[in-house]
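Everything below concerns the one structure shown next.
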Amino acid sequence: MSTLSTPSSKPARRTPFTPSKRPLSSSSSSSSSSDLVNRLNRTGSSSSGTSNILGSTHKRYKAPVSSESRPRTYTKPLSTIPGSPRPKTPYERSKTPTFEDSPTSKMDVSNVDPEAVLVDSETVEADVSAEMDEAWLRTMSADHGKRDKVMVSIRRVFFFWHLYSAWIASSSASSIHLDPVHAKSGAPNPAENKFDFDSVLTGSPNKPIYSTVAQSHVYAAMEGYNSVIFAYGQTASGKTYTLSGDESEPGIIPRAMKDVFRFIKRNEEREYLLRCSYLEIYNESIHDLLAPVGSPAVMIQGGGSEVILNPLREEVVTSLKGVKDVLKRGESHRRTACTDWNERSSRSHSVFRLVIESRERGEALDESFHGRVTPAPSGRQTPGVSGRQTPGHGAGGKPGPKLQARGGRSVQTSVLSLIDLAGSEKATSDKERTREGKYINTSLLTLGTVIGTLSENVAKGKSDHVPFRNSKLTRMLQPSLSGNARISVVCTINPDISAIAESTSTLLFARRIKGVKLNAQKKEIVDTDALIERYRKEIEDLKARLAEKEAAVGDRRQSSSVSVKRRLSVKEKTDESKAMKDLNTRIQQLTKLILTSQTVDESSADSRPGSPVKIDFDMSPYQLQQELLAARLQLESQATQILSLEAALEARPPIPPENERDKMIADQAKVIKELEIVVRGYESNLGEPLRAVREDVEREWMGKVGDEVRKREEKERWADELVKQLEKEKHMRIKVEDQARALTAFVTKLDALGLGGLSLGSINKENESLGSPGKGEKYVSLLDQVPEEEWSMTGDFSFEMEKVPAMKREPFGGKENVAL
Ligand SMILES: Nc1ncnc2c1ncn2[C@@H]1O[C@H](COP(=O)(O)OP(=O)(O)OP(=O)(O)O)[C@@H](O)[C@H]1O
């Protein structure tokens, strides 16, 4: 924990929005408070009531808060040497209420009018103006926001009792390697023993660390980029010393805060709204270090690039002193304890955030637009750790106002996050410390896995799942690690031989995080109302100029005067028509821009249905009135809709808090598992028997169906046979009929020749001489024995017919003894 130095004296300060410079008291505390009260009083006209409330309580806000005011059970250890065993001291957060523990403070963001607490080059404390390295700033500003990789630096501590360092650091080569003597002592692979980074630093002074590791990121945050700086390393390796430092060697956080105000001091064009929050992740739950003891844990809502921390107290700061107070308060609430390695070991990951909102200064413009500017909506949006817009909260989750884009001036929003991670450690001799250590190690392991997956995805062009949700730390850092922030990591290394394995692990983590790709973007909110007004004015001017030109052309044509009517040269004509064309094009462009910015404005307003407005500048006043009426009606119907939606929202069952949701998800997973077991049981217990029954039924019926098919096929064959027989019979009948006709003709011929008297007996005799048929038998055609109508029904009788010699057959018609 650091104790920040307080400047001893302060020169005069200016108040915002007033040209007059009013000297203030030299006491930093009173100067701060009186300055604030004065400013609040001055802006009272625009923020009715706010100034009075703040004015009446400002003394409480200004009361200094020291860590001593919080009784702690922590006792100072005997030794301060890291690495040597220490007596164990338990700790706990103070239960004694102080004014900071009240549910709300004067500078809580929900209590202040943002316009009254802006900081600019005139109001910023003068003591921060020193030590501005302009050359450095110019070099660095060229780089702001352009880095697409994490900046990784190594800090190797070296204490006098470390007679010897196992790690040889080269600051000039920005590399560090293990002394070959120890190459086998803990390093996994000799080739892995040399590491190159953006910078490698040694020594105790914190100033070079700050300027190398953090300064460019702080400036990037001031210029609108989200920035994250964190320290990673084994326990007692110097992370807190690097981030917070001590009175003689302030660390990154106090130096960064000083630079924030320096930046404001030298930047005369912008004004700033600064808000701080301070939280810690202890045993996988998030605690607001600025909230009263016993406040509910902070929840992480949303996911992906939309991480929201709620409820999280945000305090507006207007001076370095204000930031120091906030830091002191937060640090007094941090969980630290004596471990075997560190007399004051951080038992949690701590995150200090500064939300920076800024816009161009411009009071004159503000006044001209004052009547039109929309008042701050109640659902103020402030960025989460990542800089994404999340619902901003003051004490108790109360929303506060935000800095408004005004007079055409856009508002830039960014977040500077300074993170002191708890150190990885082996099991300690204390049970409670070991339990904490497990949480710490698990979340650091998850951070390592997340970083490893991210850099592997980049290196191999993959998109493997990144387990951000496996720990609170990685979930909170997800938007930043996913790319929308500039990140600088300081990895602290213990030079001791006994820590070679841990130091190697830290260096491997540092090497992996180098591979994470970043693409930080500035976030800017544009005042579309003002832009539209500007465009409208420009259109009017252009239209007037165009009308002038057209009138001039008309005059020339109509004029009888020779000098006026003189013929224009080709060039003059071309220039004139080009000028008119340009004017028309610009008018069209501006009209389009108006439509675009209105559409953008509407679509950016959350949950507001888009209703693009078309502006026709040639409309008559009557038409405009009609439009206005229609718009009013639409507004009314939208208001009704909003009311009914609000009612529906209230009627909706409340969204359970995160731990309950996790429980519900776990319960549902349990139910799904049970159902899966039931389904499997159904398959093995019921599914199998049912399948057997079906197979039996199928077997039985398949036989029957086969018989039936066979029978049908037989019948079809039989029917075919019958058809064939019938065809044959028909054919035979035609043949027999032909023969009958021939015989009749023959008999008729014989009759005509007078040979009809031949007796049958003579024929028979003749037949006998031929040897067939037998004695006494007559030649009778079988056809004569079959009734004519049955011919078609008889079988094949061609055989009998063929036996009948052509000349001896009986005539048809049943005639016996026919005389031949
Ligand atoms: N570069 C340094 N120069 C001088 N003293 C240092 C340096 N680094 C660390 N120390 C001292 O070493 C001790 C342990 O350092 P520190 O608490 O910063 O370690 P840490 O990594 O934050 O440990 P933990 O993870 O347990 O919180 C402190 O007393 C600190 O003052």
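If you go along the chain as it appears here, the first residue is 1 and each next one adds 1.
Placement of Cβ uses the backbone N, Cα and C atoms for every residue, glycine included.
As the structure is a computational prediction, the values presented were derived from the model and not from experiment.
Look at TrEMBL and you will find 1-109, 363-409, 555-577 tagged as region 'Disordered'. The feature compositional bias 'Low complexity' is assigned by TrEMBL to 25-56. Taken from TrEMBL, the feature compositional bias 'Polar residues' applies to 96-108, 379-389. Look at TrEMBL and you will find Gly233, Gln234, Thr235, Ala236, Ser237, Gly238, Lys239, Thr240 tagged as ATP binding site. What TrEMBL lists as coiled coil is 518-552.
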Row Ala236 (ATP binding site), column other C-beta within 10 angstroms, all chains, value 27
For the coiled coil (518-552), the averaged pLDDT of the predicted model is 74
Among binding-site residues Gln234, Ser237, Gly238, close to ligand 1 by Cβ (under 6 Å) are Ser237, Gly238
Comparing local Cβ density (other Cβ atoms within 10 Å) for the binding-site residues Gly233, Gly238 points to Gly233
Filtered by Cβ under 8 Å and at least 6 apart in sequence, the residues in the chain of Lys239 (ATP binding site) near it are Ala231, Tyr232, Gly233, Ser346, Asp420, Leu421, Gly423, Val490, Thr492
Per DSSP (helix/strand/coil reduction), Thr240 (ATP binding site) sits in helix
